[in-house]
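The structure appears right after this line, and notes come after that.
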Amino acid sequence: MLPFILFLAPHPKLPSWTFTTAKDVSQTSITGEQCQLLADAGRKEANAYLNNTNYDDGDEYFDKNLALFEEEMDTRPKVSSLLNRMANYTNLTQGAREHEEAENVALGKKKPTKAPQMGTFMGVYLPCLQNIFGVILFLRLTWVVGTAGVLQAFAIVLLCCCCTLLTAISMSAIATNGVVPAGGSYFMISRALGPEFGGAVGLCFYLGTTFAASMYILGAIEIFLMYIAPEAAIFHSDDALKGSAATLNNMRVYGSAFLLVMVLVVFVGVRYVNKFASLFLACVIVSILAIYAGAIKSSFAPPDFSVCMLGNRTLSWRHIDVCAKTQELDNTTVPTRLWEHFCNSSKLLNASCDEYFTHNNATTIQGIPGLASGIIAENLWSSYLVKGEILEKTSLHSADVLGAMNQDYVLADIATSFTLLVGIFFPSVTGIMAGSNRSGDLKDAQKSIPIGTILAILTTSLVYLSNVVLFGACIEGVVLKDKFGDAVKGNLVVGTLSWPSPWVIVIGSFFSTCGAGLQSLTGAPRLLQAIAKDNIIPFLRVFGHGKANGEPTWALLLTAGIAELGILIASLDMVAPILSMFFLMCYLFVNLACALQTLLRTPNWRPRFCYYHWTLSFMGMSICVALMFISSWYYAIIAMVIAGMIYKYIEYHGAEKEWGDGIRGLSLSAARFALLRLEEGPPHTKNWRPQLLVLLKLDEDLHVKHPCLLTFASQLKAGKGLTIVGSVMVGNFLENYGEALAAEQTIKHLMESERVKGFCQVVVANKVREGISHLIQSCGLGGMKHNTVVMGWPNAWRQSEDARAWKTFIGTVRVTTAAHLALLVAKNVAFFPSNTEPFAEGNIDVWWIVHDGGMLMLLPFLLKQHKVWRKCKIRIFTVAQMEDNSIQMKKDLATFLYHLRIEAEVEVVEMHDSDISAYTYERTLMMEQRSQMLRQMRLSKTERDRESFPSQAQLVKDRNSMLRLTSIGSDEDEETETYQEKVHMTWTKDKYMASRGHKPKTLEGFQDLLNMRPDQSNVRRMHTAVKLNEVIVNKSHEAKLVLLNMPGPPRNPEGDENYMEFLEVLTEGLERVLLVRGGGSEVITIYS
């Protein structure tokens, strides 16, 4: 059986396709042009989509089984090709790897890219541990336990850990819903919530990471100046109450120097930061293990750290050497340094001393009683202090005297509360995004990210919660409340518990904080670079550039500047809440993204991680909001304002990114819900507003002929309600689809320049009138449909022999009336003002001749809302006949406007009965003679066209092959129909001679024009138009805009041309006219 192959090739002479088979190749000749077409198509297809390695040049490139689909291969590739490309896909490398490879370029060739090999433990678990464990654990957790008590501290830690655990569950769902390339958490949020939220939250995350660098540097400086080298301090103060100022100044100086060194390290090469990351993580782990070892050892051999107490008040060892008032030296009782500090520096035993010092004894207690001591019972409850308050042990006896404040006491440096401690502790649980940030380095990111992140959070939570209990069970309460270890001879409090030496914790925490600071200074600029490269925030574009190898140099400089601001704050306790706000904002939106995608049930929402639920995400989101306002309500408001400003900035500049985000899905769901609600019934009169369908004309170059019409529509809407801009193209939709899209883009650009918020629709139809009818019938959706049609007056319709323009216009009026829609016709639209030409004064004159729903009252009020018409005054004229009481009419109209809450001048114009003037009679006669003449001329033209049938047939062929683009307001349908009829008619000599015989009758018709007498109904209508025009021009010739009722078209189509003449006469001599025709329903009411 021979294979049957179908070849399709355009024949050079025939308009149809030539079909040949493999059997007939020998009998059928294929032209060189056909061969060339086939060869070109083959090369294009092979190069673009197909794996061609198995074919030699000239062989068939397509599969014999897919011949039916070969014409679509350029847009619809074979499944095998698609799968091959997907199999060869590799994740983008992240962090510093791509930069390290760029630095290793040798002889212009890069090292081959290695496939990701990192597993869950090394790629996610350990990096998360390193980022979560930090400075707060070593410097502030003991103080949090001592101040809040074990129970409240346990609650603080549990609340923060629950927040991060719920966020990790949401993050795992997002991270496993497809590939997460560069950008990590920013990528997830922006692609899930859209560019506006993505930019806002991305910058918040960036600021949080930058302030984290400040916090780590301040923590390292605090360890250095307090516990490693106190003598290195530059500023000193002997006054305990003023000593904090000197400490802050030392932090600023050394912090700035440390920041400069770290920035230089990051700038020189992030490869060094990554190489030392394992060392820093080892320091953290060793330090934590030393704490557990020390706690276990304290149960049977507590370390010896004595605390000096005066009564029940804690004394600092920084200024005393012996915890006693006096001591025996060479059998002589001499005062100690403690005596001198409380007795006015006197060394006399009978000196006048502080009252509290006199009545209380100096004693020592054990600073680390040990795990078996039962001290946890005293440490269960909170003990919040105010700034400057002395640390006291309530279980010790103390004389009831006040005494003076002394620098030897251990004092509270800040006022404490539950909310403050939450804000300070929360940064110690951040860092859960470290795994998702490294997704490009993971062998199986969708498996490793959830497991590694959640295990890391569970591990750190267990460490934090167990440490809260261990600190409360092993360490004396006053030592726990001593933030800087003054009561234990200047040792780091958590170091006193560690084994084998406090220096393990001091050195380990110092290096771990330095490493964490370097990691933050490495990650923050890359995050900013990712945001800048997305190009959603224009002013950040410069930070997307860097060194030749991709290092974000400019972003690093900005990060260093912002981090310096945090260092100038100089207080770890004040920087931590700022950091908490930005991270909580980020976590809040991660939970929101997951909840939103889950509830919307987006078809693309298919996470591999299935242990999530929208209720968990909402719970995490609620905890984030609660923590923000618990820790610092004013910081929370500032963070939200910053995020809101960034959001509105991106929205204002127009984020042109389409990422298939959840906010778009939410908008669709909300729109669907609102549309269904609107369908429940017709809108109430109070809610009626003009929902516009603006019909625009396009020329042959797809340019809008009268953009002023769109400008006027924008002034009428003032940015509110629905606006649909429509246009019609004549032709075949299959052939002219591309031109229709181009026309839509043109109109959309015009709408953007005029700041018109709405929709655009271009319809391709065989006839203009059909296209307009389709627009009027089908535009809009559900309750969001137009109720008003806006169009321009067909200019120069009198001068044209072609009747298509005014027939299309009248047809549109009839369709609008049949659809019960309001109609606004702008005449002389070219003279209407632009949005940059406001009127300083003038009048908007309304000629209320008949009532058709109140449109004439509402439109000038809406126009005055716009700056162009705001300073114009409204004048309302109405017409009184002889039988009307004009005085009473004016009073009633004024009362009506008062109830409508519309300020306007009222005037009643009296029109007396008068005989029909000779001018009116002559004008009517001229109108009818002109109509008859044009009718005869069109008939004569038809006769001439029939004589030249061959040339006309060729013309039809040429015209049908061209793009026939006709603007609204003209119509080619009649002419087209006539030509098509001629093409399909079979002419005989008899028919031809019979048609020639009609000529004398046509000539007789021209002679009858001289004997015409006008129709009386036309004379009557012309009389009305002339009289009204005289009155209107007399009163409103200087008005900026004249609005008047538009008469309806005649029921008999034979009078259409006369109808156009009546409207022309009615509006003669007026510069700007808006003809208004109501839709048959009331649009304005006096009731509230």
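Using N, Cα and C of the backbone, Cβ positions are placed for all residues, glycine too.
Feature list (source: TrEMBL):
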| type | residues | note |
| --- | --- | --- |
| DOMAIN | 124-296 | domain 'Amino acid permease/ SLC12A' |
| DOMAIN | 416-693 | domain 'Amino acid permease/ SLC12A' |
| DOMAIN | 707-824 | domain 'SLC12A transporter C-terminal' |
| DOMAIN | 840-1088 | domain 'SLC12A transporter C-terminal' |
| TRANSMEM | 119-141 | transmembrane segment |
| TRANSMEM | 153-180 | transmembrane segment |
| TRANSMEM | 200-229 | transmembrane segment |
| TRANSMEM | 251-270 | transmembrane segment |
| TRANSMEM | 277-296 | transmembrane segment |
| TRANSMEM | 414-434 | transmembrane segment |
| TRANSMEM | 455-480 | transmembrane segment |
| TRANSMEM | 500-518 | transmembrane segment |
| TRANSMEM | 554-572 | transmembrane segment |
| TRANSMEM | 578-599 | transmembrane segment |
| TRANSMEM | 611-628 | transmembrane segment |
Proximity verdict for the transmembrane segment (251-270) and the transmembrane segment (277-296), three or more C-beta pairs under 8 Å:
no
The domain 'SLC12A transporter C-terminal' (707-824), counted residue by residue under DSSP: helix, strand, coil
58 helix, 25 strand, 35 coil
Restricting to CB pairs under 8 Å, which listed stretch, 277-296, 500-518, 578-599, is in contact most with the transmembrane segment (455-480)?
277-296
Which value does the mean pLDDT take for the domain 'Amino acid permease/ SLC12A' (124-296) in this predicted structure?
87
The recorded stretch from 414-434, 500-518, 611-628 sharing the largest number of CB pairs under 8 A with the transmembrane segment (578-599) is 611-628
Long-range environment of the transmembrane segment (277-296) - Cβ separation under 8 angstroms, sequence gap at least 6:
126-127, 129-130, 133, 137-138, 303, 371, 463, 467, 470, 473-474, 494, 497-500, 504-505, 507-509, 511-512, 514-516, 519
